[in-house]
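J.: One structure coming up, written as structure tokens, with questions to follow.
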Amino acid sequence: MENLIALLVAAPLLGAVVLLCGGRRLDRVGHWIGTLLAAVSFVLGVVLFADLLGSGAEDRTLTQHLFSWIPVEGFQADVAFRLDQLSMTFVLLITGVGSLIHLYSVAYMEHDERRRRFFGYLNLFLAAMLILVLADNYLLLYVGWEGVGLASYLLIGFWQHKPSAATAAKKAFLVNRVGDMGLSIGIMLMFLWFGTFAFGPVLGGHGEAGLAAGADEGKLTAIALMLLLAACGKSAQVPLQSWLGDAMEGPTPVSALIHAATMVTAGVYLIVRSGAIFNGAPDAQLVVTIVGAVTLLFGAIVGCAKDDIKKALAGSTMSQIGYMVLAAGLGPIGYVFAIMHLVTHGFFKAGLFLGAGSVMHGMNDEVDMRRYGGLRKYMPVTFVTFGLGYLAIIGFPGLSGFFSKDKIIEAAFAKGGTEGWILGACALLGAAITAYYMTRVMLMTFFGEERWRNAPTPSPAKPDVEPAAETRGTYEPPHPHESPGLMTIPMIVLAVGSVGAGAFFSIGDRFMHWLEPITGHSHGDSPISAGAVTGATVACMVIGVAVAWAQYGRRPVPAVAPRGSLLTRAARRDLLQDDFNHVVLVRGGEHLTRSLVYVDHTVVDGVVNGTAASVGGLSGRMRRLQNGFARSYAVSMFGGAALLVAATLLMRAV
């Protein structure tokens, strides 16, 4: 079975090579090739999953060594894959949700002339993400990490004819460079202090402690903080979150892939996989929980003010990943629940984004929710599937988000002390805000009056406009209609996961028992009972829904956004994150550049030019001595001899 692990990666990687290098001859079938190879990878994942289930809980680790990558004396870096319970969970999520997104994209990108290339990029994304989660060492993980960054750049900027898309791709790439630098430094520190960066020796396993278990706390803290910086970049956590909203410039299937199953989950995987390092660095764990708590509130507040349906969901993604990071920062109490919420989030967030794409498909690519309204009558399948995803994300009792989010809130309170109360309160507040902004999205899109009938001009921001439609210069009023079967079938499958995944994982604590041999698990002493936490969570959800209903359900939604409060205006601008970056980083960089230019011109060039001028002046004076007269040379010789005699007499006198 070990030999099948490489095929997991090889299938989408082969698809990427064939589609990107095959040329226009594959335009007619390229999308099906990409979808088929993604599905093949999923089937292989299911086969390997069945094999792991047939093994004992402590024997569910398969490794496949391919070749030695960097063999030098005293050191060896291997290309090897590691399949255990944690990586298996990600494999099924990546390939399963990824295959559904491929199928959805067949219809969604039907009229795009570059569809073959798009599917090549999707396959490349899957292959890179699979390398990331299957790597047996941090160096190979870094290869997958960078591959994900490259593929996201290509997908976000897929419509590069739009300046906004090109800028968004560049922004995502550059912001992630900061996080990537953290990962590279962390790997260097591991090699410096441990002499290796393979998972087995560093992290341990199978009941044996790794090098991290006995390492100095200061060293572990330094490594953990660098890994956290990397996670903040890929998972769009504060302070490296500014790229996520702009990433909506890519086609909607890209948003679903990035926000649900792949890129933004990479940071959570890195933290949980490196649990042995974080467990020995309590200060770093505290920073992780703070980052998660701040981000879950940051993203939720941003989502409350967005009228662009995709950007509202982007704020939601930032917030939900914040929950996962918070749980991962709690240590063994929260690792399992972080991954559980990651999986359930993969179902309902992918479904929500695909539902948003379906709405846009039926609304001439309109993204402004103020130009929607009453669409449930025209898009019944989209309405039901989107509605189930909505109920899951707000934590409606019985649906998947209820189980996973509730467990994280319980774990936060179980942390104990003041820290536990603060983290638990932040998580509860985030639950209320989540219910508010998602109810707002639901009401503005599917309920109320049909505002699109009175919208004579298109919205100025339409990220999913094809080149022909964008340059045509005319506007056809929308005629809302349901999407074709190739788009609705993936939405239905994801809706089923949104409904049942949480309960399936929670019955008998089967998900906890599945991951516990890898992540470990411990039970904290919560100051409040699990029932009280559940009651508080449901109460927060009801409050959020009620407030949103009072504002957007009982009142007409204005076609033009009102000015709003100071917080609302700031949230529309992503809580001024770009302004902050410009003032602190860009403007500071400009001042530093000007200072360096001044130093270069005055000091560096001054020394060089001054030396040259001095040599030139001295040469000019020396040239005057060479006048061609013998008497001048005789006088010079006499003077030199006199000076020599005087110096000799002076030295003897001394």
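Any Cβ shown, glycine's included, is placed from N, Cα and C.
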J.: May I ask you to indicate which of 88-108, 256-276 is given in Swiss-Prot as transmembrane segment?
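T.: From Swiss-Prot, the annotated transmembrane segment range turns out to be 88-108.
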J.: Using a Cβ cut-off under 8 Å, which residues of the same chain at least 6 positions beyond either end of the transmembrane segment (285-305) come close to it?
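T.: For the transmembrane segment (285-305), the list is 224-225, 228, 232, 236-238, 241, 245, 271, 278-279, 312-331, 415, 419, 422-423, 426-427, 429-430, 433-434, 436-438, 440, 564, 567-569, 571-572, 574-575.
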J.: Contact between the transmembrane segment (3-23) and the transmembrane segment (124-144) is defined here as three or more C-beta pairs under 8 Å separated by at least 6 residues; is that satisfied?
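T.: Checked: the transmembrane segment (124-144) vs the transmembrane segment (3-23), in contact.
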J.: Would the transmembrane segment (485-505) and the transmembrane segment (3-23) count as touching if the test is at least 3 Cβ pairs under 8 Å, pairs 6 or more apart?
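T.: Since fewer than 3 Cβ pairs under 8 Å link them, the transmembrane segment (485-505) and the transmembrane segment (3-23) do not come into contact.
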J.: Between the stretches 29-49, 88-108, 220-240, 323-343, which wins on the count of C-beta pairs under 8 angstroms to the transmembrane segment (3-23)?
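T.: The stretch with the most contacts is 29-49.
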J.: I need to check the long-range neighbours of the transmembrane segment (220-240): which residues 6 or more away from its ends have a CB within less than 8 Å of a CB in the stretch?
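T.: The answer is 145, 148-149, 175-183, 185-186, 189-190, 193, 212, 263-268, 270-271, 274, 277-278, 280-281, 283-285, 287-288, 291-292, 294-295, 298, 317-318, 321-322, 324-325.
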